[in-house]
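J.: Sharing the record's features from TrEMBL:
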- 608-664: domain 'PAC' (DOMAIN)
- 682-893: domain 'Histidine kinase' (DOMAIN)
- 916-1029: domain 'Response regulatory' (DOMAIN)
- ASP964: 4-aspartylphosphate (MOD_RES)
Amino acid sequence: MSTPILKKIHSLCLCLLFIQPIFALSNKSSHNLLIINSYNEQAAWSNSIIVPIMQEVGKMSNTSAYVSHLHSILIKNDSLYQHSVNTLFQRYENTKPHSVVLIGNMAFTLRDRIKKEWGDIPIILCAGRDSYTSPRYNYPEYESAEIPKDSIFSISGLKDKYNFTFILCPTYCKETIDMMMKIQPGIKTFIFAADKLFINRIHEKEIKSYLLSSYPNIEYKRIYPNSNPAVPNLRKYLLTNENPTVGMLFGSWFCVRENLLGHLITMSTEDYRFIMSANKGVFTLRESFLAEGGFIGGYFYDNDATIKHLLQCLRSIINGREARDIPFYTPDKSYPVIDYNALKQRGMSEKLCPPNTLFINKPPTLWQRYKLQISICLLILSVLGIVSYIKHKFQQKEIMLLRSHNKLLENMPVFYVQEQVMFNENGIPESMRYINANILFKELFCSKQKQEQVNSSMFPHQTEEYFMQFARIVFQERRSIVFTYYFEEQNAFYEVIIRQAAEENLIDIFGVNTTTLHQTQELLRAANNKLALALDIAHIIPWHWDLQKHAITCDANRSPFELATGVKDERGVRIIHEADYFNNIHPDDAERIRDDYQALILGRVKALKEEFRTVIKKNGKEYINWVEARAVVEQRNEQGHPISLIGSLLIITDRKRNEQELINAKNRAEESDRLKSAFLANMSHEIRTPLNAIVGFSSILATAEEEEEKSEYINIIENNNQLLLQLISDVLDIAKIEAGSLDFNYSSLDLNVLMNELESTALMRITSPDVCLEMIPDNDNCWVITERNRLSQIIINLLNNAIKFTQKGKITFGYKLQKEKIYFYVTDTGCGIPAEKQDKIFERFIKLNNFAQGTGLGLSICKSIVDAMGGEIGVDSKVGNGSTFWFTLPYHTGTANESTDKPVELSELSKDKQITILIAEDDESNYRLFHSILQKDFQLIHARDGKEAVELYSLHHPNLILMDINMPNMNGYEATHQIRELSKSIPIIAVTAYAYASDKQKIMESGFTGYMSKPLNARKLQDEVSATLKKCFIFT
């Protein structure tokens, strides 16, 4: 193109960009709207968008609108494009828009410049395609070149990058072509008349592709708006060509021409307006061209709905909404549109149009033209006919109405009876007399005998009296009465209505069977009662929260809050203000619960489940309850915002208390586990110490040669054996204490006798001549009820400690009777205990003198036993002045026991005859121990289980049996039971590893004569055997 023409185009673009629309407001406004049109001001489709916008803005007092036309038909290279863009932004440099409407794909190429110059302002894009490309492919000069596929991009891919929304205004090329082929059959040549705009190039490509695939035999031609004689001329074609086999589709028609003054202008009017006078039918791709006249029609989207959506978007953006928040819009309706006049002028039939065609400019029918006059005539005729019909049918209608009324009364599922009320002398209703009734009433109440009665009611006498009460009210108050009555004979409930009839002294009585309803109500009432009971038992409180009224309603009888501000409605439901609800939540939980409810209301969570505490003030005291709250949204408004919540409150105070107890139990278990670990570590040390001496001296005992040395070694081994046995006994006691199964067998005993026995036992343990022991009784005769074994165990432990730590002086012990308890004490003149160690003296493995022999468990066991027996234990001591260990036990007075033992019948036994002993022992090493101790003095028989022991007893009849308790095949209890069936007098001594007092008691109750516990002591075994023989036999 020559330089003068380019300069003219530059000048024309500048002039057109500076034009302001007449609709723009001149006053200063708070919102400036700029409309950038890709085409010129004559474009019909652009104006169909611009005009509604300007009309809408004209209604707004705070908004100004401006229009700028890019005249894309004039922009033929990058230089012109850049010049036009710069001029546009310079024009609005001081009047920056707050929002922009872009019409056409060319205008969308300004998106980056808009964001750079004016910021991220809202943009509304209206375009015929949902794709975009670079500006250079939009130039008319690029018309003949193919756009590369990698240069075409989807508009939806830019949604997150720019603040815009997109309104698609599509063209339906395929549908319009199909419509043309149907209305104008026989088309052999298809002409597409359109300018060189970018959108028409896209249309041409789509049209050619569709014709090739669907109508391959049709020839395609293209006509451009140009003055070049070599190019087909639209005007000439329209006026001269009347070939019916040629079909024409019109796009847009803009061209650049030079007027008489030498200026370039974009014109189209003088060309395509010949369509109105042409004999040839022309279809169009845009509905806006139909307003010009002459076009037959086309296939279009719903323009009214699209414009409505555009204006809604515009109002939303002006009110502050971001364009990126508005979804892209694609018209959901499209249909063929035909200009009826143009169709008929071209001699085409409307029957060939698609079924859903919308016709415009169609002349009105006779009915549409004279609708009012015809309606008035029809109305007059109808009124006359109705009056005549009413006059003719009036009497028949009354007759039919009476028949219908009688038939209704006879057949309706409601009993009806009419009764005459008889009045007394004072004018008060006194009785009723049957007049008439329907079939249902007669079936229910009227027997043949009653129907024959005259001047009486058909109701039973009791029912009649009851109904008369209401009949009096009907006549006195002139109103109807409704009540429920149970008819016993019919076993049914009826809703009864008594009303005064039209005739004097007559009443109408209606009855509706409500038995099913009554039963359903009873079931519902029972179900509600069960539900209420279940909620009460489970401590569940249903509630409803009205977020608009800020009120919470719940059952008043199960409200967890005692609120003075709460009120009850007519249903007995408590209404609590939400502020009072949160005020009763514990301060440490209130903020968290507010946040949780807010999260539910805002939709961040679907359901709420939280636990919190409530504080109830009552009678000046605060009561804290734990509550579990559950809630969901019950109802939302039209905008989707919650307006009410529904949920429940569950009182979980007991559960929380149990959880805390479980946590405490867990902590105690962990502490117990730690103590057990420490206990095992200490036990390992305490057990290994005597074992080391036992194993060590046992190994060198065989190599010792002198008797004195052997005796010393044997004494050391014996002492450590006793220490180890004591340790095992203490461990067993601790195990029973830990398990809570420490056995207590209370009995009445003489306390002085017990104390004397303990004194004798303790004296045998004192080896120092400088230590004396004295028992001081508080009463000469003191019978008490207590646990003998446990009391002896406590005092022996305390005496052993006193003997161990007293090298010189005196040890005294005794008791004192007090009101409700017995005070026991052991006082020594030993070394004493430092004050700082007295609090720990009763803990396990606490030894004040690590060089002193002992396990460190005795005092701990004593404290556990005293605690279990309901007493207290303590120590008073000073270093160097000795110690006093004391404990108290509940005092229960006992009575002296008379001996109930039956005299034992003694058997005679010759001194010269060797005594036979049966030993029932399954362990071979244990039997060898028995054998080594008893073989010199007795004849021994070995049984390896209980069953063999019974057999050997029957065979040999021994003089004495040593019976192990725990044996295979048959245990010692079962064997003893069978032997006792053979002999009541045979002495049987139980030998067992069980060490509890309850075990000893069970053994003595099972028919045994005596009892020995393992491990065995040779001397004790010999003494026990000798004592038993002397007790059971007379030696001759």
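Along the chain as shown, residues are numbered 1 onward.
Every residue gets a Cβ built from N, Cα and C, even glycine.
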J.: Verify whether three or more Cβ pairs under 8 angstroms connect the domain 'PAC' (608-664) with the domain 'Histidine kinase' (682-893), leaving out any pair fewer than 6 apart in sequence.
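T.: These two stretches do not touch.
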J.: Below 8 Å Cβ to Cβ and six or more residues apart, same chain only. Which residues does that give for the residue listed as '4-aspartylphosphate'?
T.: ALA920, GLU921, ASP922, ASP923, ASN926, GLY972, VAL991, THR992
J.: According to DSSP, which kind of secondary structure is ASP964 (4-aspartylphosphate) found in, if we only use helix, strand and coil?
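T.: Reduced to three states, the DSSP call for ASP964 (4-aspartylphosphate) is strand.
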J.: By DSSP assignment, list the helix, strand and coil residue numbers for the domain 'Response regulatory' (916-1029), in that order.
T.: 53 helix, 24 strand, 37 coil
J.: Give, as a single whole number between 0 and 100, the mean pLDDT over the domain 'PAC' (608-664).
T.: 87
J.: By DSSP, what is the split of the domain 'PAC' (608-664) into helix, strand and coil residues?
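T.: Breakdown, helix to coil: 12 helix, 37 strand, 8 coil.
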